[in-house]
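*Asks:* Take this structure, written in structure tokens, and hold onto it; I'll ask about it next.
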Amino acid sequence: MTAIVNETVSVKKKPSGRRVIFASAFGNALEFFDFGVYNFFVVYISTLFFPPSADHNVALLLAFATFGVSFFMRPLGGIIVGAWADRFGRKPAMVFTIALMSLGTLILIGIAPTYETAGYWGTATLVLARLIQGVAAGGEVGASMSLLVESAPANRRGFYSSWSLATQGLATTFGGVVALGLSAWLPFATGSETVMAEWGWRVPFFIGVLLAPIGCWLRLSLENDVPEPVRNKKAATSESAFSLLLQHKATIVNGVLLAIGSTVATYISLFYYGIQQSPGRRSIWRCLNIILMQRCYWRALLRLWVRCLWGCCAIRSGVKS
């Protein structure tokens, strides 16, 4: 895909930069909201989808492992959707990733049966949902990043591409706001302390699904420009995708190593905030939870602006600098 980006022939008229950024950013934020809101409700999910255990930490670890399986699917999603996007254009690939993420969110998490209702079928449904979401998340990053880079003027590629990662921080903020708001309001509105464990934790997933048509509409409004080298040479096959990986293995390894630190720290902190959401904690812990999650919001917003800032810096001083 990197080769395609470098060789892409300019079309007669590029779509509006703001339009491309907004369509890509909105869909990207929506998908990572669906993908990451799991973190904030991991305590409820661990008690509902796994066998009862004398040690609640066992179920919690199983819930963490279920979240982790999605990361094994992200590289596969990136390769498959990336090759498809190279062959048929970015727009259909980006619409597909939203639809796929929504499928995993609604059918396989939002209305998934619990362990008490369906036994291990409920657990298997949850795992399948995370696998599908992993494919969607992996495909989303490559396709949206490529569209942003290809649509950007030569002197603004760093700024355009920074929106792909910046909006992931925005998704975290939105997910945290929804989680905190529901945790504070639903028990008060219903007069039940168990409402979050019963059905309240499912609400954010339905919110993501309801917003999905907007993301699809925004992306369908974009032009679908297939890169000229692909259109002429029919190069976007699974074989060429893997050969590109081998050709650029040093660059890929460097990119992975650069991303590991911040990614691990982000998910450790998000899971810790989710653990503090435990319904059995006393009021003092609920207050601590509010403080921690508020810090999460500010941190995510800071990531939004810092990533855009570094994108601009990359334009002036070069990526390596």
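Backbone N, Cα and C define each Cβ position, glycine as well.
Feature annotation from TrEMBL assigns domain 'Major facilitator superfamily (MFS) profile' to 20-321. According to TrEMBL, the feature transmembrane segment maps to 20-46, 58-81, 93-112, 165-187, 199-220, 252-275.
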*Asks:* In the same chain, which residue numbers or ranges, 6 or more beyond the ends of the transmembrane segment (58-81), come under 8 angstroms Cβ to Cβ?
*Replies:* 35, 38-39, 42-43, 45-47, 49-52, 93, 96-97, 126-127, 130-143, 238, 241-242, 245, 271, 275
*Asks:* Using a Cβ-Cβ cut-off of under 8 Å, list the residues of the same chain that are 6+ residues beyond the ends of the transmembrane segment (93-112) and lie near it.
*Replies:* 24, 27, 30-31, 34-35, 38, 49, 77, 81-82, 84-85, 122, 125-126, 128-130, 132-133, 135-137, 139-140, 143-144, 147, 202, 205-206, 208-209, 212, 215-216, 219-220
*Asks:* What mean pLDDT score does the domain 'Major facilitator superfamily (MFS) profile' (20-321) have in the model?
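*Replies:* Computed over the domain 'Major facilitator superfamily (MFS) profile' (20-321), the mean pLDDT is 78 on the 0 to 100 scale.
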